[in-house]
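K.L.:
Submitted below is the structure of interest, expressed as structure tokens.
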Amino acid sequence: MSKSLPYSMKDVHYDNAKFRQRSVSQVVSQVLLTSNGKRDCLKCSTGKFLVLLMICGLAYLVLANKSAVHPVSSGMAKNDGSKEGENLPIHGSGRFRRFWRKPPRLPPRLSPDEIISRNRSIQESMKRKEPEWVARQQKVKDAFIHAWSGYKAYAMGYDELMPLSRRGVDGLGGLGATVIDALDTAMIMGADEVVYEAGSWIEKHLPGRIEGKGQVNLFETTIRVLGGLLSAYHLSGGDQGRIPEHKGPKPSVYLENARNLADRLLTAFTASPSDIPYSDVVLREKSAHPAPDGLSSTAEAATVQLEFNYLSYLTGDAKYSVEAMKVLQHIKTLPKVEGLVPIYINPQSGHFSGDNIRLGSRGDSYYEYLIKVWLQQKGTNFSYLYDMYVEAIKGVRHLLVRKSTPNGLVFVGELPYGKEGGFSPKMDHLVCFLPGTLALGATKGLTKERAMRENLLTFEDMENLKLAEDLAKTCIEMYSVTSSGLAPEIAYFNIEGDSEGGPNGGNKSSKYLNDIIIKPADRHNLLRPETVESLFVLYRITGDSKYREWGWQIFEAFEKYTKIDSGGYTSLDDVTVIPPRRRDKMETFFLGETLKYIYLLFSNSTTIPLDEYVFNTEAHPIPVIPRSR
């Protein structure tokens, strides 16, 4: 066969079938028209019957040959589960076996009217329960005000509250991180008194703090302070030219402070010899330097782009976006392991350091921002980010996803020594951001129903949605398996061939008690938001009320075990015992993320819609940049 004329097995199959059809036609013609003996036979009734029988048999052969010709698109061929060449007819007996075999029973398909009717019924059921969710949402708002009241009373202006000691502590550079982290939560909840108090403090005190404070971490300051200021500017109507609906300073106060801060944070990029920024900035000196070990976290370097992009959009000054996007453009060029990257990168050389691959600490938000920055900038030349995200998720599915024994919880483990090293069945609570990210990446913020109706979901998108739901179930079981109903910071899973055993969560009634191991050093709970974040996203996308119910269970456990009567909420030392031991720390993200996501989980879909906003990794909503800009 000539190389210039490619010829597939499908073509061979089709041509052979046509040849057989022509051969059968010729036989029929010869039998019925050329044989005088056969013509005489037609004069008797027996002969007529035999001829009729023969014609029926020949007709069946013709039809059988036609049914064998079934061109299939390559996409369907990949999905039918058969091997190449498996369906090609090898001999006649195979055709007869297919003829006598009963056709497979397909599940009944609903008509469009039935689908609409079913969805309407679900929506009506949800509406009947809506007053209950409104009441629960109010309880979340009450919890936020209780948390704020403790902070205002004992730690106003400090980064964090120590609710048992009733004092404040600066652990994030002294910029009043809780004030700024909590501000847009208060705006979303309509807690006007908190908005006024937080906004007034920012107007009066933050400029001096930015000018005079010393070392801050680039990543933490960007996601909490810069992100919080930009979100507050938008929610107060700043970039829409509206009169603010909330009490507090003019929106321009938030933008001016954001720009002043960002100008100093930029030195982390400009001082570095590579496109990877240094980890630390000295604000009052406008200088930057690497961490003591000389390395930057991959997640930290690659999780500042949403904020700097939006600041460039607001100010018209491209320098913020240009410097931040250099990081992702550089990482695009580096070698990866099926799209996965080590958790450390060297700002001196611009290369990854070590082989440790995980989606927990120092790795997590790199993957989150690949899809979110692309969603923020859709319609621009950042499509490479989506390609990197798709490749990375394929790598996660292939290298990191496993099932526990004995009950088959789906979880994401780690490769502490790279692909060639051993697999670790360890999963940080931080990894529970992934179900929400997978769902967001699948539907691009649209509801699943709309995405399916508009035929926007690929087979891979559906697989990722299924994985998202399976992982969300696992994250919930990390809560349910403990005596307190609150998740540990880290869990290990028993797997086939590596069931090392170990201490469990303490809840003897949990089905998964023997699947999940919680080591003594990992039993603490920091009031983290990742699970409720994913529940919020999955509820918005699927409409499944179980995600609301799960979120309510978590909220009730927080109320029962972490609430401090004098004000605030506290982290816990050990979630496996009752009562759990307390740690005396209220992280800023409890107000900025955890309570915000639970509140939004109980709200309707018009409040911060997912196709119009992206949440930064500290839960500050940032609007999608209009394509016209």
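Easy rule for this one: first residue shown is 1, then count along the chain.
Cβ coordinates come from backbone N, Cα and C, glycine included.
Grabbed the feature section from TrEMBL, which reads as follows:
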- Glu220: active site, proton donor (ACT_SITE)
- Asp364: active site (ACT_SITE)
- Cys432-Cys475: disulfide bond (DISULFID)
- Glu489: active site, proton donor (ACT_SITE)
- Glu530: active site (ACT_SITE)
- Thr617: Ca(2+) binding site (BINDING)
K.L.:
Count the other Cβ atoms sitting within 10 Å of the Cβ of Asp364 (active site), across every protein chain shown.
P.N.:
25
K.L.:
Using Thr617 (Ca(2+) binding site) as the reference point, find which of the recorded positions Asp364, Cys432, Glu489 has the shortest Cα-to-Cα distance to it.
P.N.:
Asp364
K.L.:
If one measures from the C-alpha of Glu489 (active site, proton donor) to the C-alpha of Cys432 (disulfide bond), what distance in angstrom results, rounded to a whole number?
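P.N.:
One finds 11 Å between the Cα atoms of these residues.
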K.L.:
How many other Cβ atoms are found within 10 Å of the Cβ atom of Glu530 (active site), counting all protein chains shown?
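P.N.:
Total other Cβ atoms inside 10 Å, all chains included: 24.
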K.L.:
Would you list, in sequence order, the recorded positions among Glu220, Asp364, Cys432, Cys475 whose CA lies within 10 Å of the CA of Glu530 (active site)?
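P.N.:
The recorded positions passing the 10 Å Cα test are Cys432, Cys475.
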K.L.:
Would you kindly give the Cα-Cα distance separating Asp364 (active site) and Glu220 (active site, proton donor), rounded to the nearest Å?
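P.N.:
Rounded to a whole number, the Cα-Cα distance is 14 Å.
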K.L.:
Taking the Cβ of Cys475 (disulfide bond) as the reference point, list residues of the same chain whose Cβ is under 8 angstroms away and which are at least six residues distant in sequence.
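P.N.:
Correct list: His429, Cys432, Pro435, Ala487, Glu530, Thr531, Ser534.
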K.L.:
Around the C-beta of Glu220 (active site, proton donor), how many further C-beta atoms are within 10 angstroms, looking at every protein chain?
P.N.:
19
